[in-house]
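Undergrad: Straight out of TrEMBL:
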- 1-28: signal peptide (SIGNAL)
- 356-623: domain 'Protein kinase' (DOMAIN)
- K387: ATP binding site (BINDING)
Amino acid sequence: MPSQGVFAALLCLSSALAVLGQAGTVHALPPYGDIGRAECQNMTCGEVTIPYPFGIGNCSAPGFHLSCKQNEDGILKLFLGRVEVLNISLPLGQIKVMHHISSSCYNAESGRMEYNDWHWNLTGTPYVFSHIGNMFTVLGCRTLAYIGGSKNNANTYTSGCVTMWSPSYNEMDPTDDGSCSGMGCCQTAIPKGLKYYRVWFYPVLNTSDIYESCRCSYAVLMDSSNFRFSTQDLTTSEFNDTFDGRQPLVLEWAIGQDNCSVARTKEGFACDKSSNSECFDAATGRGYICNCTKGFQGNPYLRGADGCQDINECNYPKNYTCFGKCENKIGTFNCYCPSGTQGNASLEACQKVLTTGARLAIGEGAHGAVFKAILDVGGTATAVAVKRCKVIDKARTTEFVHELVILCQIRHPHVVKLLGCCLQFEAPMLVYEYVPNGDLEKLLHGSHRPRVTLATRLRIAKESAEALAHLHSPPHPIRHGDVKPDNILLGEGFIVKVSDFGCSTIDDNTQVVPKGTFGYLDPEFILNNHLTDKNDVYSFGVVLLELLTGMKPLVKERKNLTVIFQNSRRDGTVHEILDPDIVDEGSREVIHQAAELASQCIAVPGESRPAMELVAAELRRLVDLVPECLTASTSPKVLRLTNMETRTSSRYITTQIETTELAIMNEEPR
């Protein structure tokens, strides 16, 4: 190949300039006039609808005239000049047409390359070539094709694409994903506002000596949205023949040259035909288009019944989701749960209203709301927590079953216990032991929080670590995935119960993407999205820092807690960030060792972090160094069990609405 010529061509291509100075004619829409005639309404040509300002004959606005003709098969086709129109979009301000492919083919009989170059001039029209929907696309085995305003004038816009490919490139087959990578196919963008272009080929790069496998090269400005490249486009004429030497092309159109702010001050402003239409500046940078305002549909360029009319959203449930009752209103609609149900009907299916006793919501888990209820088990009133699914669909049910399988395997004093399940409702429910004293989040940051001693904090940390160590242990290690104070429940005497396993995974080669909480999420997990034991260790380390400092991990007004801790540890000022409640307890060495443990838990890389079993062992040692004495200020209040008006045997839950079976779990404990 003549490499010097190729390099010169590429150098010219890389220094090409885009100078777009074309000016179009100002178009203002006329009064109704002829478009009010019956024959101008609901116009079509073949299968294409023709909305005003487009039209045929006297039914169009200036610059938007189209024609309807029969092809040789007797089928009606719509044309813009001599170019076939496929469809017209008023909301997008686009018109899709069929435009010719330029080609460079070797003629074996004449021994010459034959060039078929195309151009199109839209100057003086309301159209431009869409820089959003189109790409200049070049196909060939040895091809350099240009697109520009002039073949001989370097001061106008010029760009291009070079492609190389040979059937011997089997080890680099470009057809794996149908993309254009430069091997046989190349695509490049065009500038905004382009009104004229032509295509030509660089003659030095041709197929004269490889015509038996690649006879032709093709170049075309085309709609790239549905194009997928194949090597058949190189070795056959399929690309050229599919649409009879043409490909779809997107044109953008606009009214006039002024933007909305200027145009609305002038006579003939197109968007004043309806009080329910609004103006948008054209994507091309010149002119504007009109759209119906949200909640309305129709033609924004017309008045009356053909203009923007209210949408009855209730008639289009696929487009306007409502899981409850739908009520149309002008420009909008109401979606609400009918009597006897509750919930946000715009987002999820309405739930049947439970009896008075089961309405006491006590929390919101990762996958469902949590309510308090009273079960009558063997004549004993027992408080339980009932978790109900948020959304009634198969995916949510699967998540609940997943949580059920995990919890069935766990028996540990510091892990919340699953008592049973109700899977007969559309919204499956899980029944847990009730933990009466809230969670660690409220203990540390609640509005009326008590003073919590260092000994109590270390014990809470120890029990939480023991629970996580148990989850991580064989034979079926479980990763929690969302360790945070909200999921550390507190029972009588602030005994820890780790909860919410909607984010957990069983280590059986099946990874489930967790829904953790920022501030507690391991940075390494954010990068690789792979949950490991060490991710839980990191999250626990943040919780331990929160216990020592009393500070939340993420607050807008300051840096991340882990950053503050690492900086203070480096500067030897850890004591300055400790919670005042524990500073004066005379256990600085224990606090220092706890802080050192937290530092190890949040270390990067994660492989250097200790296992949860070692973390729990170290905390047990520290707890033994600081005896715990519950004072009046730290002792939890005794909670009276409320009569919930629901009484349940060990096998059946009976409410005012319905009766359903309660399955009590009897699996072997771990």
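Placement of Cβ uses the backbone N, Cα and C atoms for every residue, glycine included.
Quantities reported herein were computed from a predicted structural model and do not represent experimental measurements.
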Undergrad: Enter the number of other CB atoms within 10 angstroms of the CB of the residue listed as 'ATP binding site'.
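TA: Excluding its own Cβ, the number within 10 Å is 24.
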Undergrad: Taking every residue in the domain 'Protein kinase' (356-623), what is their average pLDDT?
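TA: Across the domain 'Protein kinase' (356-623), the average pLDDT comes out at 82.
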Undergrad: Please state whether DSSP places K387 (ATP binding site) in a helix, a strand or coil.
TA: strand
